[in-house]
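Visitor: I have a structure here, written as C-alpha cells, and I will follow up with some questions on it.
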C-alpha cells in the first residue's frame, strides 16, 4: 500500500510543507504578532510510523522554533511519529524507512468480512491527506527523531482536479436570500433568533469569570477580545463623544498568494489581447498552466480593475485591529455588538425547515452607544455561558442508532455577532468545512480536520442585488471588493477586512441610491449584501464583450444514428431555438462527423443549407470560414431547415468509423476568433485520426477487489486541446450516449480543462431505454436554456495569514489563485483547500471573498462577488463545535478522486477511513476530559463515519462490486464538479416511506401541498413488505413497492389493481384524481425541482433487475465485499482506542 503524500499545487511553485510535531498553540505561542513558526499541515494520506507511548499521537519533546522563511524555501521540520507501513510502497513513491508494527487501520475492501469479534485487522500504511498545505521536499530530520519519509517530487499541476456535471441544490426558495430584482431593493421579513454557540468549557478546567457587559449573542470563547475591538495591547480609549480617528494598521509587507495580483487588475479573461504581466509586485509568481509551461499572454489583471486615483494614506505599523460591523467609533470591549436591526430578511428553504439567519436585505445602520472604556481587558471576550453546546454533545455511536435528523442536515451557523450573521453569505453559495477557523496551523493539525471552502458561485438566485456604478470600490492594496464586513473608521475612510489597509471612501460612494441620501456610505447596497453583482465599467474589458456563440458537433456514424439521439437533439433545438441565451449578435454553427468532417454553409441568401465535406482528417481546415458561424436571427430559417433534415440525411448511413479528434480541431479553429461554447455529442470510442482510442476495459475486472486500472487518460491530446480552447475562451461540453466503453477518463479531459460539463447516458437507445430518452430530453432543454457566462475568470481571496493551495472543479488555473472559465454555468460547483500560513492570534474573525468576472449572454461585463466571514478560535473544542460534516465529506470526496487517479484507489479508500479515525481520535484525546467506553463523537460529527462508509460504497470508490469503468469515472467527475447539496444525495441517498403520506408538517410550495415524510436509515431492516419506499439518490429516484403493499396505495397512486399488475418498466406516476396520488406526485415533483438535472424515476418490485442497484445504496448493510455500518464503527473504535 502506498504511503505517498497527497500532493497538490496549481500554478507556480509554492512553499513545501512537512509534517512536524503539533505544539500547544497557547503555551508555546511565539512572541510578536507577525511571527509564525511554520507548522506542517496534517496529512491523512501519509504512511504511519511507530506510535509513541501515551495516549496522544504527537511528540511531546521540547519546542524548537523555526525562523520564518520565504514562501519558496524548503522548511526544516520534525517528522511526525506515525503508524508503521506494511508491504511495498506504490511504484511512484520512493522507499521509506519505518519500523513494522501490528494491526491495520483500514478494513479489508474485498473478500467476505470476517466475524466482528475477530481481531483480524493488520497494520498497514495509512495513507493520509495533507489538509493544510503541500508535502515536504527534502526536509532534513530533526535530532532524535526517525528520518522523514521520502516524498514525490513537488510539481506544478494545472487543473489537478477533475470534474462533474451538476447535482441539485434546492432552488425554490432563495427569495429572501438576496435583494429584489430592482437594482437595490431587498424584501425583508422579521428574523427569528439565530442559533448561537456559547463558549465550551472542558470539564475539570477552572471556571471562567463572567463578563456582565458582554453581548449574549457573541461567540467569545477563552480570552479572545470581542468583535470590533482591537487586541488589549493596542486597544485605544475612545472619547466620550465623536468618532475616534485612530487607524492602526498592519505594516505593509509581502502579500500572500491570495493577495498577489497587481494593482492593475485581477480576474480578467485571458485573450490574445493581453500584453502586460500581472504579478509585478510578487516576484516569482508566474502564471503556470497545467503542464508547467508559462502562459505567454496571461492577462491576469482585469478583475483587479482600475486603481483609484489619489494619494495613498500613510500606513502606521502595528498589529491589525478588527473593526467588525459598520460602526464608526472604536468602542471599548463588550460594546461593539449592536442590537439587531428591526427589518431583516430570513432565508427559508424548502430543504431546511428550520429558519437560518441568513439574509441579504439592506440592514439599517445603528450607531452603537458608547460605554465605559475602563472594562478590564482580562474580562473581554468571555462568554456569558459555559455549558456544552449541542454541537459538542457527546454521542456514543455504538449505542445510538437513530442518528439521522428527520429532515435534511442543516449546516452549522458561524458564531458571529447577530448583526453580522444576518448578512453573511448563504451556505448554499459559499461554505467552509470549519465554521470556526483555528488560530494556528498547529491547532488545525491537532484537530485532524480539513480546512477548505465549497462554492456554487453562479447559482441561480431568485433575487440578486445588481449595482450599476462608474466606481467599484475596492481595497487599494489587495483589491478586495467593499463588503459588509469592512469597517468604517469615519465617513471618509474604511478598513479592508482582508489586509486591514485603510482606504478613502470615493465621493460617489457617499450617495446611497436606495435611500437617495448623502453621507451614509455604510448603507450602500455593497455594504449590506454579502452576495452582489456589479455591472462592470469599460476598465474591466480588454476587448468588446464577445457575443453568445454556440457550435454543435454531432456524431453521425451508424452507431450514433442507431441510438436515435439525433432526432432528440434536433427536435429539442427546434423547440428551444428562441430561448437560447443571447441577443441580436448571437451566432450558431453545426459540424457533423463520422470518418469525415461535414461543415454546413448557412450564409444568408442561400435557399437551403449547403454541406461541405472535408475528408482529409489529418490536416483539417475550414472550407468557408466566414459562412460556417452565422447570426442566428438573420439565418434562423436556414438553421431550422438544417435541423429538420439532419436526422434523415444520415438515416441510412453504414459508416462505422468516428473521427472525434479532427472534429474537435475543426471546432477549435472555427471558434478561436470569438470564443464560445462547443457541444459535443458522442456515441462511441473515437477510432480515426488524432485522439483515436482503444478499449482499455477488461469486463472480467469490473468486480475486482484489487486496484482499478485506467482511471487516468490514455492520451494527453484532449487535455492539450482543452488548454488551447481555454486560451481562446472556448469551452467544450461533452454528451456521451453509449452502451459500450468510450474511455471517459480520456474524453472527459476536453471538458475538465476548458470549464465545460460532462453528461453521460449509459445504454442510451430511443426504443430500448425510454426513461433514458426522457432524462436526456429534460437535461438538454435545461442545458440549452439556462443562463451562461462567457470569458469568465474567478479569484478567491482570503484574510492575511490564510492561503489557498488546491482547487477542485472544471477549469484551468492561470495563476496561483485565478481560475480561467471560458464558460460558467449555474450548475457548476468548486472547492478549494486552505492552510494557515501565519498565526491569526490578533484576529477575531477572517473573511473570504470570491469574485467571478464574466460576460453575460446579453454582452454585459459583470462581476458577481460573494463574501463570507467566520470567527477565529483558539481551542480544539471550538473547532469541533463549528465542524460542517457535509462540507468536510464533500471536500474529502474531491481529494479522494484526485488520490485515486494520481496514486491508487486503495490509497484513497484508506485515506478516507483514516480521516474519520483521526478526527475522532483527536476529539477523544484532546477535547474529552472524562474517558468513556464506546466510540465517542461530537454531535456535529455524528454522521461522519456513516458518510465515510457511504463514500467507500459509492460507485466511484467501491470495490468487489461490478462497476463499469466509464460509470466509475463519471461518478468521480460528478463528485468533483457538482455543488455540495447535489453531491450529498449521491453519497448518502435519502429514503422515505411514501405509502402513508399525510399533510402533517407539509410545505406550501407554489400553492401546492408538499408532504414531508421522515428520512429513514439506509438499511433493509427499515423496509417493510407492506409499504412503499422512495429513495432519492440524486440523479435517480427509486420507488420500491413491497410485495404486500397496501392495496389502497397501488390503486390510488399507481393505478393498478394489485402488486402483480405493477408494470416491470414503470417510469412515471399516473395523474390520478386522488388525494394519495396528488401527495405522492407533489413530493416527487418537489424533489425534482430542487436540482437542475432530471432524475429518472424507477418503480421497482422484488423481481426487478434494478432491485440490485436499489439495495446497493443501502449503505448501512453488509455486502460480500464491504462492512456493515456497525462493523465499520467497531473497526473505527478499535483504531481510535489504540
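Placement of Cβ uses the backbone N, Cα and C atoms for every residue, glycine included.
TrEMBL: automatically predicted annotations, no manual curation.
Not measured: the values here are computed from a predicted model.
The region 'Disordered' annotation in TrEMBL covers 1-377. Per TrEMBL, the feature compositional bias 'Pro residues' maps to 137-155, 228-242, 311-320. Residues or ranges marked as compositional bias 'Polar residues' by TrEMBL: 160-172, 195-205, 335-369. According to TrEMBL, the domain 'Zinc finger Sec23/Sec24-type' annotation covers 472-508. Residues or ranges marked as domain 'Sec23/Sec24 trunk' by TrEMBL: 545-784. Marked as domain 'Sec23/Sec24 beta-sandwich' by TrEMBL: 789-873. The feature domain 'Sec23/Sec24 helical' is assigned by TrEMBL to 884-984. Feature annotation from TrEMBL assigns domain 'Gelsolin-like' to 1011-1083.
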Visitor: Count the residues of the domain 'Sec23/Sec24 beta-sandwich' (789-873) that DSSP assigns to helix (H, G, I), to strand (E, B) and to coil, and report the three numbers in that order.
Guide: 0 helix, 60 strand, 25 coil
Visitor: Are there 3 or more C-beta pairs under 8 Å linking the domain 'Sec23/Sec24 beta-sandwich' (789-873) with the domain 'Zinc finger Sec23/Sec24-type' (472-508), counting only pairs at least 6 apart in sequence?
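Guide: In contact, yes.
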Visitor: What is the number of residues in the domain 'Zinc finger Sec23/Sec24-type' (472-508) that are helix, strand and coil, as DSSP sees it?
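Guide: For that range the per-state counts are 2 helix, 12 strand, 23 coil.
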Visitor: When secondary structure is assigned with DSSP, how many helix, strand and coil residues does the domain 'Sec23/Sec24 helical' (884-984) contain?
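Guide: Reading the DSSP string over the domain 'Sec23/Sec24 helical' (884-984) gives 71 helix, 3 strand, 27 coil.
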